[in-house]
2 protein chains.
Amino acid sequence: MKADRQAPIGVFDSGVGGLTVVREIMRNLPDERIVYFGDTARVPYGSKSKNTVIRYSRQIVHFLETQQVKAIVIACNTASALALDTIEKEIDLPIIGVVKPGAQMAVETTQNKRVGVIATESTIQSGLYQQLITEADPAITVYGKPCPLFVPLVEEGWTKDPITEEVARRYLAEILDKDIDTLIMGCTHYPLLRSLLRKVVGEKVTLVNPAYETSQALRRLLRELDLENPGNDELGRQKYQFFASDGVERFNAFAHSVLPEQISDTKQVQIENY
Amino acid sequence: MKADRQAPIGVFDSGVGGLTVVREIMRNLPDERIVYFGDTARVPYGSKSKNTVIRYSRQIVHFLETQQVKAIVIACNTASALALDTIEKEIDLPIIGVVKPGAQMAVETTQNKRVGVIATESTIQSGLYQQLITEADPAITVYGKPCPLFVPLVEEGWTKDPITEEVARRYLAEILDKDIDTLIMGCTHYPLLRSLLRKVVGEKVTLVNPAYETSQALRRLLRELDLENPGNDELGRQKYQFFASDGVERFNAFAHSVLPEQISDTKQVQIENY
């Protein structure tokens with residue numbers, strides 16, 4: 001059976017960070033419908049083990065399948081790094097993560113063959129950014145640095161704060177010393193620190209946002225599979241739907257700071273049941 | 001059937017923070033055996049909803065029951081504040097949390113009837129510290145302040161860092177302005193910031209550590225129920241056992257920074273199955 005072009009894209013993340021990917025899909029693929037799931041009951045994934053992240057991701061994919069999505073985007077760097085490989089073998093739906101598009105853009109961007117990656121501990125430890133980049137171009141050296149305080153600082157709302165800037169200077173000192181010309185913001189929260197990071201890294205370093213690159217990769221994938229939404233959806237179905245495993249009010253409040261429009265009808269899902 | 005005096009105490013927390021309570025029990029009740037469970041797969045609880053924290057706590061209590069514990073200590077302020085009330089009605093075992101002992105000590109300590117509480121968002125929002133203190137002495141005013149960055153700062157190891165001090169100054173400015181003479185460290189990680197907090201609050205404010213107070217409350221409870229371990233346990237059973245729902249190596253590493261002895265045989269438990 002031909003998949004329904006008007007079916008939504010399923011997007012998931014460990015919590016609210018993946019909304020930066022939703023934002024890019026809304027901007028760049030405005031005809032597509034989206035079903036988003038944020039695992040706010042079990043957030044964060046960035047310090048969890050591979051097996052646990054795979055188990056959690058699998059439950060979410062099962063949930064998204066019940067929503068008749070036509071494709072899935074793992075909008076979480078940690079889950080993309082730890083679970084995509086396993087999950088894509090288990091399902092029939094097309095599925096992409098954020099790591100590969102981010103890695104590809106870094107390969108295209110760097111001139112001096114020195115790339116930095118900032119991300120969660122689990123993403124850095126997985127070595128996937130490093131691996132994909134050096135597979136594409138063995139001449140590139142990749143310097144990774146876990147930045148575990150960035151997510152709580154963003155969630156505290158201190159995105160333009162001198163304390164956050166001080167933390168960023170400390171985290172980045174070592175990789176800036178390596179003379180990188182490209183820095184991947186390898187965690188979905190980090191693009192919310194873009195202007196602060198720009199200040200810390202200076203004008204000569206290009207910041208790569210995997211969220212944007214993923215929206216482009218999704219467009220290519222849908223086109224290839226002839227799954228693009230023709231945009232004449234008159235069925236009155238809700239274009240964007242949001243689900244979370246806990247704290248929907250908190251979710252809505254954070255979403256408001258990321259997305260162009262306010263959302264208020266996020267539904268709670270008991271995700272262990274999937 | 002009479003409970004076994006030589007049975008262990010079950011202690012649980014959302015992650016590693018409850019080890020500060022374990023440390024106090026080891027010091028102050030050296031004859032007691034301990035089974036500890038840290039829910040590292042779903043940490044933190046501090047930003048989660050009441051229903052989710054109850055559901056998670058219930059699973060952990062079921063697990064501890066399989067370990068034949070004689071009493072349970074909820075070594076997590078958030079779970080104590082959100083779940084103890086519900087759970088204690090559901091089980092036959094004696095169970096205590098950390099909030100009540102901390103609140104009691106604050107009531108006994110304050111001279112000027114102005115008490116501060118720093119804790120997670122969920123603990124502050126629950127209002128339980130405030131409620132217990134004003135029930136005991138309606139003349140006391142309680143000032144609560146959520147400090148969500150303290151846990152990640154402690155887990156980053158920055159317990160004596162100028163950045164953490166700056167964060168603490170900002171978090172505490174408002175409640176220090178209220179002229180408090182007593183401050184409850186209402187999250188299990190916070191005692192690890194004791195010397196830094198001492199510097200920020202000055203010498204005139206008494207810091208209350210609910211972990212210590214809980215070990216004293218546990219002693220009174222066991223005595224009352226005639227459940228104290230006589231200390232002549234020659235069965236060769238392991239005195240302290242540790243379980244976590246994820247990342248046991250990480251757990252062991254952090255435990256090493258809190259406990260007097262190194263632990264290496266933490267076992268992983270799939271806690272959703274309980």
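Cβ atoms here come from the backbone N, Cα and C positions, even for glycine.
The Cβ neighbour count for A:Cys76 (active site, proton donor/acceptor), using a 10 Å radius over every protein chain in view, is 35. According to TrEMBL, the active site, proton donor/acceptor annotation covers A:Cys76 (among others).
Annotation for A:Cys187 (active site, proton donor/acceptor): spatial neighbours A:Gly17, A:Gly46, A:Asn77, A:Thr78, A:Ile118, A:Ala119, A:Thr120, A:Thr123, A:Cys147, A:Phe150, A:Val151, criterion Cβ-Cβ under 8 Å with sequence separation of six or more. According to DSSP, A:Cys187 (active site, proton donor/acceptor) sits in a coil region rather than a helix or strand. According to TrEMBL, the active site, proton donor/acceptor annotation covers A:Cys187 (among others).
The annotation substrate binding site is assigned in TrEMBL to A:Asp13, A:Ser14, A:Tyr45, A:Gly46, A:Asn77, A:Thr78, A:Thr188, A:His189. Under DSSP, A:Ser14 (substrate binding site) is assigned to coil, being neither helix nor strand in the three-state scheme. Its own atom aside, the Cβ of A:Ser14 (substrate binding site) has 29 Cβ atoms within 10 angstroms in the protein chains shown.
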Packing count at A:Tyr45 (substrate binding site) (other Cβ atoms within 10 Å of its Cβ): 26
Length of the line joining the Cα atoms of A:Tyr45 (substrate binding site) and A:Cys76 (active site, proton donor/acceptor), in Å: 9
Cα-Cα distance linking A:Cys76 (active site, proton donor/acceptor) and A:His189 (substrate binding site), given in Å to the nearest integer: 9
Cα distance (Å, whole number) from A:Asp13 (substrate binding site) to A:Cys76 (active site, proton donor/acceptor): 5
Shell list (substrate; ref centroid = CB of A:Asp13, A:Ser14, A:Tyr45, A:Gly46, A:Asn77, A:Thr78, A:Thr188, A:His189; cutoff 8 A): A:Gly15, A:Gly17, A:Gly18, A:Val43, A:Pro44, A:Cys76, A:Ala79, A:Thr120, A:Thr123, A:Val151, A:Cys187
Candidates A:Asn77, A:Thr78, A:Thr188: member of the binding-site residues with the richest Cβ shell (10 Å): A:Asn77
Tertiary neighbours of A:Asp13 (substrate binding site) (same chain, Cβ under 8 Å, six or more apart): A:Leu19, A:Val21, A:Tyr36, A:Phe37, A:Gly38, A:Asp39, A:Ile74, A:Ala75, A:Cys76, A:Ala79, A:Thr188
Cβ neighbours of A:Gly46 (substrate binding site) where a neighbour is any other Cβ within 10 Å: 27
